Amino acid sequence: MSKIRVLSVDDSALMRQIMTEIINSHSDMEMVATAPDPLVARDLIKKFNPDVLTLDVEMPRMDGLDFLEKLMRLRPMPVVMVSSLTGKGSEVTLRALELGAIDFVTKPQLGIREGMLAYSEMIAEKVRTAAKASLAAHKPLSAPTTLKAGPLLSSEKLIAIGASTGGTEAIRHVLQPLPLSSPALLITQHMPPGFTRSFADRLNKLCQIGVKEAEDGERVLPGHAYIAPGDRHMELARSGANYQIKIHDGPAVNRHRPSVDVLFHSVAKQAGRNAVGVILTGMGNDGAAGMLAMRQAGAWTLAQNEASCVVFGMPREAINMGGVCEVVDLSQVSQQMLATISAGQAIRI
């Protein structure tokens, strides 16, 4: 089997050296070339035709975002961004994902060599995922048409969504058309700390419903979406007649924290048939068991179809496990989940 050919673009000679060490330490991939800036990278891409590009966000001569935008227009290819953990870095990274980057890696703030080498397995996994990703499904999405406001629903009704690779754009596409009359939404997207708040703030500006990073103990309200904070699990709990959010530092589940399974299992227990579960694009099997639990508790469950997924991993696993009632294209998810949740009477659990 041929190796995954990687080209790394970074203005730091140390980072280029570290990325080369990491990539070449895995038997199924090789670093074919490195470039100090996008202008050099342009020629090397033509020469080496890599399978995956790793791209630093902030560089001299040409900004990483400008280069990414041109690359996706002229020669689309899988790109993994390398970003700093600053607030500005997280906003730029989210913009890169919007432009077509498949995923991102965050640079450690201290001890960069030791930190990056400790990330070796994670970086290799992201490169493998990017090499297999569907670029057709990851074209920048146009703004979806706003859905008409429906009747106000019982606060017992809610929607739970899980996603990973490719999920930031898929979630935007699902939330943007939702009217203020929508039920509450609880969302787990695999993301490191520092990025979930920027992600929520970005969505809040784009959507009619309120979107925020979830906080422990807060009441779950209709017309709002709550994003699980990075590196912390989010669960649905009850406080008397109301739903509330529980945030905790339990062990990683399916190697993830936050975990989609943790959210879905709690929704199955607390909301049962009053919920709709949605699993979107992502690598691995996180959410499959939880979605089955939701279906068995009476919830209606949706999975994004393969044609519209950047990575058809999590939806496939959920389908194979028997947890999915319906498979739909990303363009239909918002409409379908609202129609489904509006159909049945709320049952007090």
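In case you wondered, yes, glycine gets a Cβ from its N, Cα and C as well.
Residues or ranges marked as domain 'Response regulatory' in Swiss-Prot (evidence: sequence analysis): 5-122.
Positions annotated as 4-aspartylphosphate by Swiss-Prot, on the basis of sequence analysis: D56. D56 (4-aspartylphosphate) falls within a strand segment according to DSSP.
The feature domain 'CheB-type methylesterase' is assigned by Swiss-Prot to 152-344.
DSSP assigns S164 (active site) to coil in the three-state reduction, outside any helix or strand. Residues annotated as active site in Swiss-Prot: S164 (among others).
According to Swiss-Prot, the feature active site maps to H190 (among others). Under the DSSP three-state reduction, H190 (active site) is assigned to coil, being neither helix nor strand. The C-beta environment of H190 (active site), restricted to residues of the same chain at least 6 apart in sequence and closer than 8 Å, consists of A163, S164, T165, G167, H256, P258, V260, G282, D286.
Taken from Swiss-Prot, the feature active site applies to D286 (among others), supported by sequence analysis. D286 (active site) falls within neither a helix nor a strand when secondary structure is assigned with DSSP, and so counts as coil.
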Cβ neighbours of D286 (active site) where a neighbour is any other Cβ within 10 Å: 30
The domain 'Response regulatory' (5-122), counted residue by residue under DSSP: helix, strand, coil: 57 helix, 26 strand, 35 coil
Average model confidence [pLDDT] within the domain 'CheB-type methylesterase' (152-344): 96
Cβ-Cβ distance under 8 Å to D56 (4-aspartylphosphate), same chain, at least six residues away: V9, D10, D11, S12, M15, G64, M81, V82
